[in-house]
């Protein structure tokens, strides 16, 4: 297939920020794009050739949209997988595959997949309903503390709770879920693996998610991670194994824990461009967004190493502010060395809503990390 | 003015490739954009918030468009300057200023400006009509060879001819023009200077335009130029002087000759993002397109130094092919290290038409230059 011809059409399910950043790269290659999203305010609307308003979970909407394109990809996991399966049978190229998405969409299935494929992950129990958990504890089949995770729709930290006492079980939705051992870890790491249709594989350097010591929230993504070469190699090996197990096409972001004993355990994966790869725009030879396109269009993969050190800071809505967003001190941070803000263009802020990110690049990673802290201290996402 | 508010509107006159690359960066900062262009096929149409079809040389069209925005900029010099002047008087911020554009639009005026401001440039004579040239030669006021340049609309190498004999005068349009001494030069260099509204100035490293030995066409833009530090410093000094003389706001690309005696002579300037700065997307800390926005929005300027060495190759239509474009071997070049194609999305190719560019980045500039040659040898812009 000639991707650089005007007949070729790429479809993207989901019209959010990740899709928008993929779309900028389709323009570089002059690829015709169709996007479907459930909101008429989707950021992608302005950047694609054709926009379709449609429910991503609706079989007919996804099927009818997919029938128009040559290659179909996603920028969010929660789409109607049955429709993707039908489209695949009818010859549309769907990356990631419906089979992969089906496994990833359900956290219990995802965990079982790791076990089946001999991929290290934290021990867990699976429950059809949260209400069964108390009984398991009472019978000694499960011990506190543990991490409760809803099996379905656990997008972006939603549907996760640390359960330290029976009391913490109160208020949990009574859904299919898992209870995962709470593993003390030194670092949370991530590796993005790119694999094209022909099976060529490249992985990005291991990144480190640095947490706020009190808030238990990722504050910085640091590339490359400040860890021993051995640990980095091990993490990369695990990530590659996950990608191969899925027979994955496209990007696969593999989030992992580095335990106190330097074991690597897979936490979860995302089969698309990922928050842990935003710094690749400024820091890497090939951005994750361009790499995703190269992968699904079966083009040669680009270099994944870094030009310079990169640190990414998420811009989230400050606590106590809801309404029309104002980026206080954005001009101040733009005066700092190697700082690029990426504002997502959402009109309304609310506490912890992802409103953008800021990348800081520097030939010296420690200097980038220092400036990132200045950025974090200066900018405030508030409302007017 | 708060540029990061939904009320703020940026207008761009011209909807071509340069504008499109500026627009990608407006999205990063979530700036509302309006674009006017004379063609409904303009590449910017897909990337801006509002597109207006209108003649850029028409007073009313430019005036009415400009009245809607807070800041107005250009991506092509040939726009109605009188309308810009009126808009300035009525409080619209126009960058570059109408006065600057008026001087630059006319090559004779531009040359006189250099003379008036003590900026080194090749000696020249000015003629109201080309027909006056022959007489000047006959009377000994002008000697062969020289470079004939039309004073108006000399965009992109059009309207330039080397005159070596009286016979070469045949067929020249009978318009206002200059005859410039033909200076033998070692290198053609360029420096892009960024200056924001507050007057902060930063310049990009000197780049070298490497010519094809026979075709006398720029083949590679190389950043940084492979020249002595002294010469680079001199070129940078001249470029800064030009920017200050114009009291310029925005980007100013200053093209210069390095003579056999290592003198620096200004050839011409472009008050906007420029072909000699395309490699900044991949090679520099701040791309020229982001920097243009930072300048005209009076934001702090970004770092202008390079992360890695960069070489740019223009993709022009091959001789002998006119029609629906095909990029032969584009997959081959994408398999080479650090290669990013930028396809402009024009449907039709014709000989020498600018269809895109390719950037090659590498930590070793010589390696980038070597790969650039491979790229040049491999890719062919032909028709099917």
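We number each residue from 1, going along the chain as drawn.
Backbone N, Cα and C atoms are what each Cβ position is placed from, and that goes for glycine too.
TrEMBL lists A:107, A:149, A:180, A:181, A:182, A:183, A:188, A:267, A:268 with the feature ATP binding site. According to TrEMBL, the domain 'ATP-grasp' annotation covers A:111-297.
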Close in space, distant in sequence - residue A:182 (ATP binding site), Cβ under 8 Å, 6 or more apart
A:145, A:146, A:147, A:162
Around the Cβ of residue A:107 (ATP binding site), how many other Cβ atoms lie within 10 Å? Please give the count over every shown protein chain.
24
Does DSSP put residue A:107 (ATP binding site) in a helix, in a strand, or in coil?
helix
Under 8 Å by Cβ from residue A:188 (ATP binding site), same chain, sequence gap 6 or more
A:208, A:209, A:211, A:218, A:255, A:256, A:257, A:258, A:267
Sparsest Cβ surroundings (other CB atoms within 10 Å) among the binding-site residues A:180, A:268:
A:268
Return the maximum Cα to Cα distance in Å (whole number) over the record's ATP-binding residues: A:107, A:149, A:180, A:181, A:182, A:183, A:188, A:267, A:268.
19
